[in-house]
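Trainee: So TrEMBL lists the following for this protein:
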TRANSMEM  A:41-60  transmembrane segment
TRANSMEM  A:72-92  transmembrane segment
TRANSMEM  A:113-138  transmembrane segment
TRANSMEM  A:158-181  transmembrane segment
TRANSMEM  A:188-210  transmembrane segment
TRANSMEM  A:230-253  transmembrane segment
Amino acid sequence: MSTATLTPEQPRTLADHPAPSLLQLVRVELRKSYDTRAGRWLLIVIGLAVLAVVALSLFVEDVPKTFTDHFGFTQLPISILLPVLGILLVTSEWSQRTAMTTFTLVPRRSRVLVAKVLAATLLAVLGVVVAALASVLATVLTPVFSDAERDWSLSAALVGQVLVVQVVTVLAGVAFGMLLLSSPLAIVLYFVLPTVFTILVSLVAALDWVRDWLDLSTTSMPLFEDGVDAQGWLQFGTSVGLWVALPMLLGWLRILRTEVA
Amino acid sequence: MITIEHLTKAYGGQLAVADVSFSCPPGTVTGFLGPNGAGKSTTMRALVGLAEPTSGTATVGGRRYRDLPNAGRSVGVLLDAGAQHGGRTGREVLTLASRVLGVDRRRVDEALERVGLAGRPAGKRVGQYSLGMRQRLGLATALLGDPQVLVLDEPANGLDPEGIFWMRGLLRDFADRGGTVLLSSHLLHEVEAVADQLVVISGGRIVAQGSKSELLAGTGGTLVRGPDRALLAKALEVAGIGISAGPDDALVADAEALAVGQAVAAAGVVLTELRAAGGAGLEDLFRSLTGSSHEVQEVQA
């Protein structure tokens, strides 16, 4: 019988090992975002797109060329493409079925999700930093390619606002990923749903209040310019609730409850 | 070390696993046998916290898997070798896991070495791996945290005979050093050689469990053969031993070899063969236990 092979000193309990820290998990999630071909290419494309925007704003004559202007322009490719990285951060675990390994190594799923949210936030901040560096380059080169002077003016408030918008945008991607758990579905709906929503509420006059309070693209627009008032923040906040907080909450619950197979 | 008690898992109204109980002591290899769809994977997923049991409990070292602070350091899990990102290299897959586990980077090379993926295969993308290589990589991931327990679902799938032999040696060695191994298979001969005890599941229910010898003792009877079949049959009948026809001209007596031998000796009959019936006894047992009566239901998660 099997128990006959037992020796008394064999342990019947498990040795205690410290849990992986949140910092460890965040670093792992960040690594996951660039250690695959898809992730790496997406980052390269974002970098190239930022440079393309810099080139455009330098060579097109009637585009304003202050540092603030460059900083605003370079946010555009980042705000469009970086959320895809946020989506993939979550959905690739399902499409590639790595969730099985991820959640057996860290069975407390919320810890993994917190790490993913923090990693996405860091990526957004990194994106803004890259945009800022590209804007420095653009501003330095401005007198070379045009008649405009170098204008370094930039308000701290604007930087803060842009950071908030970019973080929220990437987290919207994460939220869609969490809710849908499928890369193609999440990417398509992430781009289509808000656009359809914007068109709908903009066309119908009776829906103006919906647009002003729940349409994220409308409410985030003022944040790219200096000086947002309390109502602006409130409107931005309510639309973030609809497009980021709500899908993230539902997706979070879905992931906690779903069976991973 | 692994204790599963009255585990039940239902999907909708369908029972995938019904009242399953068994335990795996340290220092042993437990073979978890059953046909495809019998509930092996569901049981294992519930054990490692990937599925929530409808009722019952599954613990490792007395704790629920989800309550283990650093699960991968205690329990090595390989449930599906295909569940790896095809775009990552084998080394990258292990590197990610090593960062979560908090183990030294050298462990990655050791693990690759141990499963035979060191060198060029380590740098290849998993998408280009054969199923056998993925199994090896999965096993490397499971071993990376130097765990005390291994939970492996169909690890022999896709391995060539040499690979299966190698894996048996690895698991035997792991158990002999005090480790606990639970491995599942739908093929008896894959686990027969390495398992100390067997748990057979069919239709979501445990239909047999025990050590190999225990399970064999319950079946078969004794095969006897002699130059004169009629005399032999007579001698056994006289001794009150039930008989049935065996392979070729042999008889299968419903008694221990000793009783058969005594009966035959008392009658003065000559024997040419006397042994436990059926070398393929476990195979027959496995087929009889899992084949009939219990309807096999395919349950997808």
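Glycine residues also receive a Cβ, built from the backbone N, Cα and C atoms like all the rest.
TrEMBL: automatically predicted annotations, no manual curation.
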Trainee: Give the nonlocal contacts of the transmembrane segment (A:188-210) in its own chain as ranges (CB under 8 Å, at least six residues past its ends).
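Mentor: For the transmembrane segment (A:188-210), the sequence-distant neighbours (Cβ-Cβ under 8 Å, at least 6 residues beyond its ends) are 83-84, 87, 172-173, 176, 180, 216-218, 243.
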Trainee: Quick test of the contact rule: Cβ under 8 Å, at least six residues beyond the ends. What residues does that give for the transmembrane segment (A:113-138)?
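Mentor: Apart from its flanks, the transmembrane segment (A:113-138) reaches 22, 25-26, 28-30, 33, 46-47, 50-51, 53-54, 57-58, 65, 67, 70-71, 74-75, 78, 82, 85-86, 89-90, 159, 162-163, 166-167, 169-171, 173-174, 178, 248, 252, 255.
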Trainee: Residue list, the transmembrane segment (A:72-92) vs rest of chain: Cβ under 8 Å, 6 or more residues beyond ends.
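Mentor: Counting only partners 6 or more residues beyond its ends, the transmembrane segment (A:72-92) has Cβ contacts under 8 Å with 29, 32-33, 36, 38-39, 42-43, 45-46, 49-50, 52-54, 56-57, 63, 98, 116, 119-120, 123-124, 127-128, 130-132, 134-135, 138, 162, 165-166, 169-174, 176-178, 180-183, 186-187, 190, 224, 251.
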